[in-house]
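Below is one structure, written out as structure tokens, with a few remarks after it.
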Ligand code: PEP
Ligand code: MG
């Protein structure tokens, strides 16, 4: 068994189809001065054909996985229209008399090299986009070059590649594609996003972990949740995974039955289950999951994959639509949380050695008041159309809340002056994800209407473990006693001040953590929509009294190993008392 990183959940079993690494090999052809015009013509033809092909792929993608994923190819089209990219190619042809394909390859290599050396997942993704576009353009310029051995036509397969581009994935027949394995790539790459949307299991990060390269035709099992890979496993492993695969599917399908059941424990403790939403496109799924509202709408995705800031009207349209469709259910809109790993192409950022400790989230909003007030106005106006609340991310000081609220008041005054309707008494909350904020949670709580704990960042900041760093990923431990203590500090503070507190980080959707939330007396969780019903399933057979007693023990534990052992015990006790879950949902 080899352990990589799970990028898209699910189990796939089948033969490997290995894609050779991207490589074009052709002679350094020169052209005569008299042929320059012809060379340009070839270049423009190649660009036109590449663009036509990209438009077709966009169409196909829309039909297979939906409009949501097709935007990736807009980025590729934009590269083909980028004047810097094109000028560099033309200059090489014109000044060095090189053939169009040679010029294209040189420019691709230069740009890919520039992005690739930056130790940043986002930049590496951009390098892959450029390589992908360049690959396509070269194919049209060179015509007769064999791209790669085509995928098998006679059987379904698990694709294995050093790295994979969105175009390559788009070209594959989803009916035959069982799963994906790549040596490089992150869980936040465009390919990972697409794989999740297609429900295709995917493992990344196997570079240096294989004793021998995977061969075409090897039989593989991949578990995209655990990130595990088996090459030519024995019969008993195959049997085990066949059973798991069947169970997983049956169980996931059956969960829909509990979508409308009230979310309460056996001893009638209610936890309100909200959904996290990254895009308005997820609204249907949110409503289907039985979520009582949206506890976190990450607005930054509205700002991405475009070339300018969204206007107040554009944002208003999105927020208003979501608010109206949710009816009276709450919609908590978190203001822009960019910085860290989330950058905007069109907004210049200073180069930072520690971007997660840098210019991020509310720090940017308080610095770029124009940008912040535009968003606040859109939210205030949308709030007239539903149960909208506002949330500031990454708050560290009371001063930041006060400054943000001053700008909120300014936004209200400007709307009033413009004669536009808005909700004056909108509820305002903050995420608690910085340790300093956790420590002064009582002080912050007295300034706002609600708190929401962002465990993704809180864990990385408390433990000093970068959430993006694969090398220390094993140290990212949400069950470290320090994390549990801090969670208790925050929840107790909110309760003392008398305001609601919820959890919106990924830990809210980890069914293993549920006894901790029940023990701490949390009343609301906000969970990614794929995990919501899994958590609810466990909640329905949990006993909050037992969880409170368990928490007393947990708080005395000095290591996360002890805490994990206690969590195992309660899980086993629940299985005995209320029927087995087949270990599913972990
Ligand atoms: C968090 O940090 O837990 C959170 C919900 O925010 P994000 O994952 O968007 O940083
Ligand atoms: Mg966060």
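Each Cβ is built from the backbone N, Cα and C atoms, and glycine gets one as well.
Note that the structure is predicted; figures quoted are calculated from it, not measured.
Under the heading domain 'PEP-utilising enzyme mobile', TrEMBL lists 155-227. Per TrEMBL, the feature active site, tele-phosphohistidine intermediate maps to 190. TrEMBL lists 255-541 with the feature domain 'PEP-utilising enzyme C-terminal'. Under the heading Mg(2+) binding site, TrEMBL lists 433, 457. TrEMBL lists 504 with the feature active site, proton donor.
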Helix, strand and coil residues within the domain 'PEP-utilising enzyme mobile' (155-227) as assigned by DSSP: 14 helix, 19 strand, 40 coil
Around the Cβ of residue 504 (active site, proton donor), the count of other Cβ atoms that are within 10 Å: 28
Of 433, 457 (the binding-site residues), the residue whose Cβ has the fewest other Cβ atoms within 10 Å: 457
Mean predicted confidence [pLDDT] for the domain 'PEP-utilising enzyme C-terminal' (255-541): 94
Where the C-beta lies under 6 angstroms from ligand 2, the matching recorded positions among 433, 457, 504: 433, 457
Conformational class of residue 433 (Mg(2+) binding site) under the three-state DSSP mapping: coil
Cα distance (Å, whole number) from the residue listed as 'active site, proton donor' to residue 457 (Mg(2+) binding site): 11
Residue 504 (active site, proton donor) versus residue 433 (Mg(2+) binding site) - Cα distance in angstrom: 10
